[in-house]
Each structure stands twice: as C-alpha cells, then as structure tokens.
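Copied over from Swiss-Prot:
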type: COILED; residues: 20-61; note: coiled coil
type: COMPBIAS; residues: 43-57; note: compositional bias 'Basic and acidic residues'
type: REGION; residues: 43-63; note: region 'Disordered'
type: REGION; residues: 156-412; note: region 'Disordered'
type: COMPBIAS; residues: 171-198; note: compositional bias 'Basic and acidic residues'
type: COMPBIAS; residues: 215-284; note: compositional bias 'Basic and acidic residues'
type: COMPBIAS; residues: 297-319; note: compositional bias 'Basic and acidic residues'
type: COMPBIAS; residues: 359-381; note: compositional bias 'Low complexity'
type: COMPBIAS; residues: 382-402; note: compositional bias 'Basic and acidic residues'
Amino acid sequence: MGGGDLNMKKSWHPVLLVNQERVWKAEKVANEEKKMLAQLRKEREEERQLEELHRLQEASTGKKRVEKLDWMYAAPSTEGGALGGARIGERDMEEYLLGKKRVDEVLGQGDKNIGAASREFIALQNANTARDTAAKIREDPLLAIKKQEQAALAALMNRPDIRKQLRAAKKAKETKGREGESKEERKARKRAEKEERRKSKHRYHDSRSPPSDYYDDRDHRRHRDSYDSQDRENRRTYRDRSDRSRTRSESPKREKKEKDYSNRDRDYRRRNDTTRGSFDESPRKGGGNRWGSHGPDGYRRSDHRDDGFRERQRGDRIPPPRHLSYNHSTPDVRPSSPPSSSAAPVNRNTSTLEDQRAARLAAMSASADELYSSRSKSLAARAEEERREQEKDEKMRQKYGKEQASANFFSQQSQLGLGEALQRRGGKGLLKDI
C-alpha cells in the first residue's frame, strides 16, 4: 500500500493553503506600507515646493508670511526669532519680562518696518516713468489700428473721385429728402429761396449805387407782386379746402354758398383789375406818346414820365392774360439815372406819382378788407352749418343707433317679471321681445 508524499503533511510545506494564505497576507501588508511611504514622500515633496514658493514670494514682496501656529510663540527676544529677524535691546527685553511693555507694540513696529521696506522696493522699480508710459502708448495695438484707419481715411479723402462720390451722395440725400414734401411745401421753399436771392441782390445794389426813383418804383412793384401772390395763394388754399369739404359732404346748400363765394371772388378780381387799369391809364392821359418818356432809340429822356409807362407795363404783366398789353413794341427800360434838366418838373411828377401810389394802396387795402370780411362771414356761416349738420347726425345716431337699442334692451329687462325672466333663462321667449 502506497503511502504518498509525507512532506505534504508537514506544517511548513508551501503547498498547504494555510501557508499560502499567510504569505498572501504578508505581501499585502508590505504593499500597503510601500504605498503609504510613497504617499508620505509625495506629500513632503509638495510641502517642500510650497515652502520654496512662499520663500520666493517673501523675497519679492518683502512681507514675511506668518505660520498658522507662529503667533503662539511670537515674543521678543535678543536673537530675533519670530519677529522676522528684528532684534531688541536688553532693556526692552527686561521691560517685557517685567510686564512694563506689551508684545503687540513690538510686533506692530516690526510690521511697519516691513511695509516701509516694501514701499521703498516698489519706488525703486521706476514702473511709471515718462519713458515707460511713452513706450506703453507707442506699443499699444489699438492705437496703432486707429492710426492706420485715420491714415486710410485721409488718403481716400484726398482722391478726387471719392470726393465726387461723396458730393453726389450728399446731393442725392438732399433730393430724396425733398421728394417727400408736398406741392405747397415745394412752392414755399422755392419762394423763400427766390426771396433770399432777391434780398442778397438788392443789398449788393444798395451797397454799390445810391437810391433813385427807379429803385423806389421797383420796391412798390415788389410790394404789389407779393400782395398779388399772397392773394393767389389764399384763393388756392380756399379752393383746396372747398374741394375737401365737397368730397366730405355734397350738400345743395353748400354748393350754392360756394358758387356765391366764387362769384364774389370773381367780382372782386374784376373790380381790382378795373381799379388798377384806371390808375395805370392816368399817366397815359397826362401826355406823352406810346413810347412813354423813351424815344425810338431806347434812351431815357429828362421829363421822368417813364414811371407811368413802367406802371402800365407792370399792370399788364401781373394780372391774368385777359388784359390788353401795351408793351409789345416798347424797348427795354434801362435803370440809368436821367440827367435832370430842371428841378420843378421833377418835383411835380414825383408828387403826382406818390399820390397815385397812395391812392392805389388805399384802394387795394379797401378791397382786401372787403374780401377778408366777406370771407370771414362765409367761413363762419359754413362752420355754423357744419355744426348743425353734426348735431343732426348725432341725434339720428342716438335715435337709431346701437346706444338706443342697448338702452331699450336694459329697460325691457328691468320691466320683466319673475316668471318671464325664469322662462328666458330656460331658453324660451328669447326672440319674442327683442
């Protein structure tokens, strides 16, 4: 009978599971210890690096870093120690030991010394000198970009084609802004520009030549032209207003009033033209040929009778073209000052011309006042009629409109009885009374 391997029955044999478990546990403890040692070595290395960084920071800033527990041992001593290397004398040390001097005073003095040293260190660096500031400005990238943009813009503005395009764009913008204006605004703008040009030209002539009868007559003609243009503008405005009111409401009474007003306006223009023609004919009746005070050669004579001719010429040019024209063969009037032959005829003709102007102005003022009064009366009557029509429309709307229906509905609801109201809640009789 075979006995097998007897060594397998020994307690020290490595094949036994008990021995293998003991070896595994020992190896496990050894591995854990190695790991702990490696971790401790790593932590110490990190602490050493951190202390090195703190030391470099203290050297650069000059401020000593206080450890977490150093404040417990901070006390004055003759060797410095926790005071950052600051030493005190034996007398101060004796006073501290006897309780005559506090520790915080010595520590505060040390902190002041450290702060002063750091400020001196920063002042010695010269970080904000004029040269450094100029260098920073010179090396600024945003400033360099801005300078490049300004140089490019200046180069573009020096080119004639670019400047021509800019002027064209500006002109197009102004034209576009004028496109939105109405016809009346455009006429008013052109009239203002024309008046400004005339004033500048008048100032130029006044500064270069003395006043004369020609300029006085021209001023009177300008005054009458402005009055006529204002009258035409008023008639145009009234005509537009009449058209708008006619589109709003076509009433027979309103049409009749507008027709009467247009007839009165036509009569006023006819009377004004007749008055103007009579005043314009007065110099002709006084004497002179059809050339006025000018001869066939076109030169002015010395009797000052060309004023009447100019008045007739202007009276034929200003009104509508239904009047006769007297200047079809008259040469151009030259505003040259005439050589006076005698003083008495000049004064007489001047006084006659002034009387004519005064009479004409009085007639024009009377006609304008009459037209204004008639127009005011017509506008007041029209406003009163419109107010009456509006009141009538309001009454009709209140009588047959939604307000009356809603009022009738609530009044009927308040007059209903309890039984009828309950029936209506159930859906009966909803269309009987409404």
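Residue positions begin at 1 at the first shown residue.
Cβ atoms here come from the backbone N, Cα and C positions, even for glycine.
Remember, predicted model here, so these are calculated numbers, not experimental data.
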Residues in the compositional bias 'Basic and acidic residues' (171-198) grouped by DSSP into helix, strand and remaining coil: 25 helix, 0 strand, 3 coil
Tally of residues which DSSP labels helix, strand or coil - the region 'Disordered' (43-63): 19 helix, 0 strand, 2 coil
Summary of DSSP states over the compositional bias 'Basic and acidic residues' (382-402), given as helix, strand and coil counts: 20 helix, 0 strand, 1 coil
Helix-strand-coil residue split for the compositional bias 'Low complexity' (359-381), DSSP-based: 23 helix, 0 strand, 0 coil
